[in-house]
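**Q** The structure that follows is given in the form of C-alpha cells.
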Amino acid sequence: MAARSAPSCHLRLEWVYGYRGHQCRNNLYYTAAKEIVYFVAGVGVVYSPREHRQKFFRGHSDDIISLALHPERVLVATGQVGKEPYICVWDSYTVQTVSVLKDVHTHGIACLAFDLDGQRLVSVGLDSKNAVCVWDWKRGRMLSMAPGHTDRIFDISWDLYQPNKLVSCGVKHIKFWSLCGNALTPKRGVFGKTGDLQTILCLACARDELTYSGALNGDIYVWKGINLIRTIQGAHTAGIFSMNSCEEGFATGGRDGCIRLWDLTFKPITVIDLRETEQGYKGLSVRSVCWRGDHILVGTQDSEIFEIVVHERNKPFLIMQGHCEGELWALAVHPTKPLAVTGSDDRSVRIWSLVDHALIARCNMEEPIRCAAVNVDGIHLALGMKDGSFTVLRVRDMTEVVHIKDRKEAIHELKYSPDGAYLAVGCNDSSVDIYGVAQRYKKVGECVGSLSFITHLDWSSDSRYLQTNDGSGKRLLYKMPGGKEVTSKEEIKGMHWASWTCVAGLEVNGIWPKYSDINDINSVDGNYVGQVLVTADDYGVVKLFRYPCLRKGAKFRKYIGHSAHVTNVRWSHDYQWVISIGGADHSVFQWKFIPERKLKDALHIAPQESLAESNSDESDSDLSDVPELDSEIEQETQLTYHRQVYKEDLPQLKEQCKEKQKSATSKRRERTPGTSIRLHFIHGYRGYDCRSNLFYTQIGEIVYHVAAVGVIYNRQQNTQRFYLGHDDDILCLAIHPLKDYVATGQVGRDPSIHVWDTETIKPLSILKGYHQYGICAVDFSADGKRLASVGIDDSHTIVLWDWKKGEKLSVTRGSKDKIFVVKMNPYVPDKLITAGIKHMKFWRRAGGGLIGKKGYVGTLGKNDTMMCAVYGWTEEMAFSGTSTGDVCIWRDVFLVKTVKAHDGPVFSMHALEKGFVTGGKDGMVALWDDSFERCLKTYAIKRADLAPGSKGLLLEDNPSIRAISLGHGHILVGTKNGEILEVDKSGPITLLVQGHMEGEVWGLATHPYLPICATVSDDKTLRIWDLSPSHCMLAVRKLKKGGRCCCFSPDGKALAVGLNDGSFLMANADTLEDLVSFHHRKDIISDIRFSPGSGKYLAVASHDSFVDIYNVTSSKRVGVCKGATSYITHIDWDSRGKLLQVNTGAKEQLFFEAPRGKRQTIPSVEVEKISWATWTSVLGLCCEGIWPVIGEVTEVTASCLTSDKMVLATGDDLGFVKLFRYPAKGKFGKFKKYVAHSTHVTNVRWTYDDSMLVTLGGADMSLMVWTNEVESHREKKYCDSEESDIDSEEDGGYDSDVTRENEISYTIRALSTNIRPMFGVKPHLQQKEPSVDERQGVVRGSRPPVSRAPPQPEKLQSNNVGKKKRPIEDLVLELAFGYRGRDCRNNVHYLNDGDDIIYHTASIGILHNVATGTQSFYQEHNDDILCLTVNQHPKFINIVATGQVGDSADMSATAPSVHIWDAVNKQTLSILRCSHSKGVCSVSFSATGKLLLSVGLDPEHTVTIWRWQEGAKIASRGGHNQRIFVAEFRPDSDTQFVSVGIKHVKFWTLAGRALLSKKGLLSSLEDARMQTMLAVAFGANNLTFTGTISGDVCVWKDHILCRVVARAHNGPVFAMYTTLRDGLIVTGGKERPSKEGGAVKLWDQELRRCRAFRLETGQVTDCVRSVCRGKGKILVGTRNSEIIEVGEKNAACNILVNGHVDGPIWGLATHPSRDFFLSAAEDGTVRLWDIADKKMLNKVNLGHAARTVCYSPEGDMVAIGMKNGEFIILLVSSLKIWGKKRDRRCAIHDIRFSPDSRYLAVGSSENSVDFYDLTLGPTLNRISYCKDIPSFVIQMDFSADSRHLQVSSGCYKRHVYEVPSGKHLVDHAAIDRITWATWTSILGDEVMGIWSRHAEKADVTCACVSHSGISLVTGDDFGMVKLYDFPCPEKFAKHKRFLGHSPHVTNIRFTSGDRHVVSAGGDDCSLFVWKCVHMPH
C-alpha cells in the first residue's frame, strides 16, 4: 500500500551554480545587507559573499528574465516568461513574496524599474505591442498601461528628478513618457543631425532633464528633454549593454569586455578591461554592472560574476561561475568523493566541489559534450560527444587517455561496469558498444537489439548484464560483454542492478501518470539505501518517489526551480545530495537530502522552506488509502452548475435575433397587463449542496437563501422579506460580523457577489469580474472590511476583495480539487484558510496575489476531505471538520490532533464564546468545550422532539445537518431536506420553514375553493401547503416513485397524482391515503386533469404521447387520445367537459373529444370562441406573444390564466415569471417580468380566487407564493421590470438636429483624409524640374560671389521695406472665434462668479473674460473636444473636465480620453484614457467632486465611473444600444446618476464597482410613450426631469414617470440646468420666437411655473444647446455658435461670442492695412472681425454658401465668390453691392484683385480663371480667361506688376498665365524671374519642403507667405498649422507645428505688418488668431 503514497523524506535546495547572463541585462545588484542578488533559471538568488551562503526565492513558475532593485535596496522585483507571466516583489532578507502582479502582460516581462520613492513599479511586456505598465505594487493594482513600441524595448527607467516621467529605449528608438491620470503618453526622442538613428540598449536619468543612454555602436547619447544634444563617441568599441548610476557617477559595461566609470557630468574616470585580467578571455562580454562605493559587480554573457575593488581594479575576484550558453546534458558523480562532473554543448567539462560549493577544475574539449561517467576507482572520466566520439581523461590533471570515434551520431549515455572492467557506450544510432578498460578501450562487444536511439543504461551488480532504454520507451537486457539479448523470464528474475537510471521497467512504473504514454521524464536515479527515487522531467520539475514504485500514478513530492527541461539528475556517492542540471538554463542545482527522521527538525529550521511546493497538488489526486467518499459529498462534487444559456448572454442573443423581429413588430402590440404580483412567501431552503448558509441577523431575524433569492424570515410574524438582486442560483451566503450585512454569491458566466443590507434590502456593493461559472464560498473578515470568495472554475480561484470599494485586492488559483469553504483569519486580516476535497490550505496575501501552503498532516493522519473550518482562539489555531466525522485541530500549518465528532461527514461548525458547535450527516448537533476535549451536549433532530408551534412536519428523523448557527438562546439548524429548525438549549425543536428535498419539482395544483395547494416532486413526496398566513406544510406523504403532476377534483375531496413510472393514483385530499391507482403506461405521467363540473372524467397525459380518459365513478379507462407525434406537455378541458386541448413537445396544439378521445381539427379562429375551464396551454394564437425573441434557447414551460381571463402568467426555462395581457396575440408581447427562480420555472397556478399566484422552480425546488396586486390609479406599486423583448416600435419623435447629432461620424485627426478631391502625384514625389542653375550646369554653392548676370529678383515683393526683416519664430494663440454648439450640449459654463465663461471649440478649451473679451486656452487635447463640465464642489474650484474623440481602444495616445484641468492656470490634473472606441460624448462630476462619469460613442455607449485624481476606473458598463446624449450625477449623490438618449432614460446606481440600472417605467401614465430624451435636471426627493424631442418635460419619481409637463417648449428640449443654490431649473429648446414663448425658460423647483426669455438674435428659429445660470444671469449657447448672456430681471440679451454656424470656412481675407479680417463660409454669411476689439463687427447674409473672399489693394472693396458660381463685389463703407455676375455654374474657389486694382481674377472648379476689367464699371464683362488648366483651381496669386498670375490646380500642378491675355507661360527662366505680390500657393519648388512624409491620404490645404517674404505658414488636412522659413525648397523642411484646429484647416493668412496669422477651420467652423512672435534683433 505504502508504495503509492508520497515518500516522507524531503529535498532542500542548497546551492545553484550559474547566473543568467544570456539575453538579459542589468540583473545583478548589491542589497542593503551587502549581499548580491541575481537570478538563474526560475530562481532568484541572494548570495552572501561573507558567509558564502545562498538564499533562494522560488515564487516563479518559469524562467526569470528581468530584475529591479527597490531604492531602499531590500526589496527586489523579478519578472518571468510564460503565457501568463507575472511579477513578484520579494524581500531579499526573508526571501518571502511581498506582492504578486499579474493578469496584464503576456509572453513575458522584459524590463522592470521602481520609481524614486519605490511606491510604483513600471514593467514592459514581451508582447507584440511591448506594453508598458505602471503598478501600485503594494496593492497589486495596475495604474496605467499603454502600447510601448512596435519593436523590442530593452530598458526603462523612471526619471528620478521629475515626478511622473519615464524613459524607455530599444530597437531604433528612445521614448520620453509622462504619466498623468491613467494615461501614459510618449514623445519620441529626436535624433536630429546630432547622431544616427540607432538602437539604444540602456539608459540612466540625471538632473536638468538630462538622460544618458548607451547605443549599439558603443557611443553614449546624451539627451536634453527629448532632443539629442551630444554624443560621446567610442565610449566602448561595441554595444553598451548596461548602465548603472550611483552617488559617485555612472558605470557602463559593454560587449567589448570593458567597464568604464564616469563622474556625475559623464566625464571619464577610468576604464577596466576585463579581457586583459588574469581571469579574462577573448570574447568576454559584460551584461550587467553595479557600482556601489568601492566595489563593482560585473555579470558576463558566459554566466560569471566578478567583483572588482576599485583601487585594485586589475585583480577582479571571480565569485560565481556556470556553464555558458548551449544545452547542458552531461552529469556524473565521483564514486568516492563529494564531487560532481558536468559537460555541456559549450564544450567545457567542469568539476564541482559539493562541500565547498565551488568550481575546482575546468577543461575545454573540441566537441560539444553529451554524457559523462567516472570509473569505480575515480581515476578515469569518460565523456561522450555530440559527433559520435568519446574521450577518456584522467580526473586528477584532465589529461587525455584515449579518444575513439566509432560512430557518426551523438553519444547519449555511457557507464562503467561495477567491476571497472568495461565501458558501455550508447549512441543515437540505436547501438551500444562495449569497450574493455584494461585493453586501452578496445571494443569487445556490441548490443543491437534497439530500434531507436539509446537513452539510458544500467549494469547489474555482478557486471554480467546490461539493461538499456531507448527512445521508443522499450527496455532491453543484454549479456555482457558479448551483447547477446536476454529474454528468459527466469534469468531476468535473478538480476540485481548496481544502479537504476532507466525510466522504463517494473521498479519505476509508478513514476508515470496513470493514463499517459508521453516520454517527458528525462532522467531518474534510485537511492537503494533511502528507498527513494529521484526523477527529472521536461517541465522543470524534480520529483521524489518511493523506490521501488510499481503501480502507475504513484504519489511524489515535487520541487521547482529549473525553468524548462531538467536533463539529468544523480545522487551523490554518499546519498547526501541530489544534483540536477537544466538543459536550457544550463544551471546546476544541488539539493540536500533530508531523511524522514530529521524531517520534523528540518521544518523548524528553514523558514524559507515552503512546504506547499514539496507536497504538490498533483501528488495527492487519489491516494489509495483515502476512504470512499461519502455518498452525499460525492453527489455534490458531481454538480457542475453549468448553464446552456447564462443570463449575461441574453442581451447578445436578443441582438442576434433582432433581424427576425423587425417584420413581426410592425403591428401595435398590447400594453402590459394592469395587474402586478409581489413575492410573498417561499417554501424552500437550499441545503442539499450548500453549507453554513443560515444565520441570525442583528434583530433576530433569520437570513438564508433559496433559488435566486436572499430571504429574511421573521419568526415572530412568520413573514419573509426578499433580496431579489440576483439573477441565478445563489450558492453561498456569509454574514458580516455586525450581523447587519450579508454577502451572497451566485451562478453565472461572470458570476457576481452581492453585499446587501438586511434591513433596507438594498445592495451595497456588487463584486464581479474574477470568477467563472459560480461562487461557492464567501467569508467576511473580522473587521468587516474585506471579503474572500472562491469560484467553481477548474482552478477554484480565490479572490480577496475590499468590498465597499468593489476592488479586487488579490487573486490566486486555489486548487484543482473542489473547495467547500473559505475562512478569514480573525486576528490577521491578510491570512485565510480554504478547505475542500482532500486538502486544507493556509494562505497569506502578497500584493495582488496569495501564497498558499498545504496543511502538513505528517504521521497523524491522511489528507482527508474537509467540509468546514473555523479559526480558534489564537491566530495560529484552526479547526476543520472532515468527511469521515473527525475534527482536525491545526496549529499553524501542522495537524496536531484529531477528535471523532460524528458518524459521517461534519458539515458545519461554528465557534462560540466558550466552545464550538458542530452538525453532521448523522442528524446530531454537538456542543463542545473550547479545546474540543469533551462533548458537552448533543441534540438529535427527531420528530418526537418537535414543539407544538412548528410550521410543518419533519419528513424523517436525523436528517443530514448542513448549516448550524447560534444566537438568541437557540441553535439554528438547516438540513439537507430543505428544513430550517430552531433548537432550544433545553431540547424542544421548532420547525420554521421547509421545502422540497433534492430532485426536480413539477407537479402543482391549487384547491378549488380553499387557499391551499398540493405539490409532487422527484423527491418522492406529495405535500399539501397552506397558503393562508400560517404558511406551513399541512401534510406530507412519501410515494414509491417521484411524480410530475397532480390535480384536485372539482369538489376538493380527491387528489390525483401522476408518477414517473407511468402509473397514477387518487388519494384522499385530507389524509393523503390511497383511494385507487392504475398503471397503464411506461413513461412519465406529465399532466392529469379532472373534467369540470362533477369531475366525472379524469384525463391522464403521458410522455408515451397518449392521453387516457378514465371514468372516475366506474374506475375504468373509457378513451384514449391518439395522434400526437411527441410527448404531451399540457392538457386543458373546455368548460362543458367535452373537449380536451393538448400541447405536445413537438409544439403541436391538438384537440380531442371526450370521453372517447376522437381527434378534432378546429380552426384557430374558433379556438378563441371556445370557453375553456382552465388555460395552461403555451401554444396557439391566443398566446403567440408569450414566446420570447430568443425562443430557440428558451422554452415557455408553463402558463395559467386568471379566472376573469384577463392576465396570463407564464414561466420559462430562464427562471422568469411573466405576466401578459390575455389574449397575447401578435409576436413578442409586452410583459412584466419577475426574477426569483433561478433556472426553469416548471409550473404556475393562480389560486381559486386569483388572489395569489403559485410558482414552482424545477431545479431550485422552491414553491413561491406571489400576491396579485390589482393596481388602482392612486396607488402605483411598480413591478420588477416592465419590458418587451424588443424596443418599442413607436417612433421616439423626429427632429433634424437630433438626427444629425445621432448620425454624425466623428473624424479622428490621425485618420483624416483630403477635404478636396485631389488626384495626381504629390509634389514631393514628382520628378523635379531642373532649376536655372542646374540647367546651366552650375554646381550648387559654386557660383562666384561676383557675377555679371543680373541678380535674381526677389521671389516676393516686400511690403514693410525699411524695417529690418525679422523672421517669425513662434505663433501664440490669442483669439478663437467659434463655439461648438452644433452637435454638443451643456458645454458653456460660468466660472469665477460669472466674470468668466468657459466653453470649447475644435480641440481647445476656452476661458473667456466677459468684460474684456480676452481669452486663454487649454491646448493639451490632441483631437476634437465633444463635451465639457465644471466641478461644482467648493474643494475643486475651477476644475474642468473635457472629453475628446479618438479611435483606438488600445489605450495609446489616440484613444478617446477625458482631461481634467484647472481653468485658471491650465494645468492638466489628470488624463483618463478610455478603452472604448470613437469618443467621449458626455462628462459629469459627482456631488463630492471626486468621481467623474463619462459616456462613450462606441456601439455599446459605455458608461464609466472614474476616481479622476488617481486615474482609476471604478466601474464600466454598456449604457444602451443607441446613442446616449447626456448622463449626469444627481447633484446630491456620488452613486446615483441618470442617462438619457434615443428612446432611452435609465436610472443608475453605483454599488461598489458595479453599475446597476433601471429603465424608466412609463406604464403608470395611460398614454405615455418612450420618446427620445435629450436633457436631464434634478429636483429634491428623488425627482428627475428629462427634456424630450417633442418639447415635453417628463417628471420622474425614482424611476417611475409621475407626470408630463406638456409642450414646455415648442420643439426639442436640448438643454436643462439645475441651479444648486436655489433648485431653480433652466430649460433651453428649439423654437420660433413668439410673444409669450421663448427658447429659454426659468422654472421653479417642481417645474410647475416658468418665465420665458426671448433671445434677440434675429434668427427664424432659436435652437438652444446649452444653458447655465449664474448670479442673476442666464448663459445660453446656441446651435448658431452664439453665446448669449440673458439678464434674469430685464431679459436683456448680450451676445458674448459669435461664430460661423456651418463650415467649412473656405474664404478668408485680411485687410491691407488694419487689424481686420473677413471670413466667408458654407453658412451663407460673410463676417467682418476686429482683432483689437476681439469681436465680430458685422455680418452679411448672402443667402447662398460663400467660398472665397478678397479685399481690394486699397481695402475699399470686397469681392466674394459663391458656391453657385456667382461673385459679388461690395463697397466696404456701405456694404452695398457694387456689382455681381454669374458666368459659371459651379463653385468659385479663389478670387483676386490685381495689385494695381485694375483686374479681377476669378478661379472656379470648372478648371478656369476668368479676368474682369474693373475700370469698365460694375457691368463686369469678362475680358478673357485662362484655358488648359488640367483640374479645378485651388489658389491664385498675382505678380507684383499685375502682369502674371500663378494658379495651383487639383492635380498638384502649378501654372503661370499672362494677364490679361490668359496665355500659358512655360519658360522656366522667365517664371523664375517673376516677383509675386502674394504667395498662397501650396505648389512650386519654393514650397517643396511643406509636404510631409505622412501625407498619403491627407494634404497641405493652404499656405501664405508673410509680407516680409521670409516666413511661411501652412494649414493641412490634419488640422495643423505649421510655420516654415520661405523659401523652403528642400524636402521635409524643418518647421514648428501648432495644434488646435479640428481636421482640415481650410485657409490661412498673415494680417498687415505680419502681426498676426489667422487660420480658418473646416470641420470646426472656427477662426483662430495667432500672435506672431518675431525673433529679437
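Backbone N, Cα and C atoms are what each Cβ position is placed from, and that goes for glycine too.
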**Q** Swiss-Prot tags one of 609-629, 651-671 as region 'Disordered' - which one?
**A** 609-629
**Q** Name the range, of those listed as 901-940, 1475-1516, 1895-1934, that has the largest tally of Cβ pairs under 8 Å with the repeat 'WD 3' (148-187).
**A** 1475-1516
**Q** Which one of these stretches, 104-145, 280-321, 725-766, 901-940, 1783-1822, has the most C-beta pairs shorter than 8 Å to the repeat 'WD 21' (1475-1516)?
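**A** Going through each listed stretch, the top one turns out to be 104-145.
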**Q** So what's near the repeat 'WD 28' (1895-1934) in sequence-distant terms, Cβ-Cβ under 8 Å and 6+ beyond its ends?
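**A** Same-chain contacts beyond the ends: 1309-1310, 1312-1316, 1318, 1322, 1324, 1354-1360, 1363, 1365-1368, 1370-1371, 1402-1403, 1835, 1878-1882, 1885-1889, 1940-1950, 1952-1954, 1957, 1959-1964, 1968, 1970, 1972.
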**Q** Same-chain Cβ contacts of the repeat 'WD 6' (280-321) under 8 Å, 6 or more residues past its ends?
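**A** Beyond its ends, the repeat 'WD 6' (280-321) has Cβ neighbours at 17-22, 24-30, 36, 38, 40, 47, 49, 241-244, 246, 248-259, 261, 270, 272-274, 346, 350, 359, 586.
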**Q** Report the mean pLDDT of the predicted model across the repeat 'WD 15' (901-940), rounded to a whole number.
**A** 90
**Q** With helix taken as DSSP H, G or I, strand as E or B and everything else coil, how many residues of the repeat 'WD 27' (1783-1822) land in each class?
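**A** Helix, strand and coil residues of the repeat 'WD 27' (1783-1822) number 3 helix, 19 strand, 18 coil.
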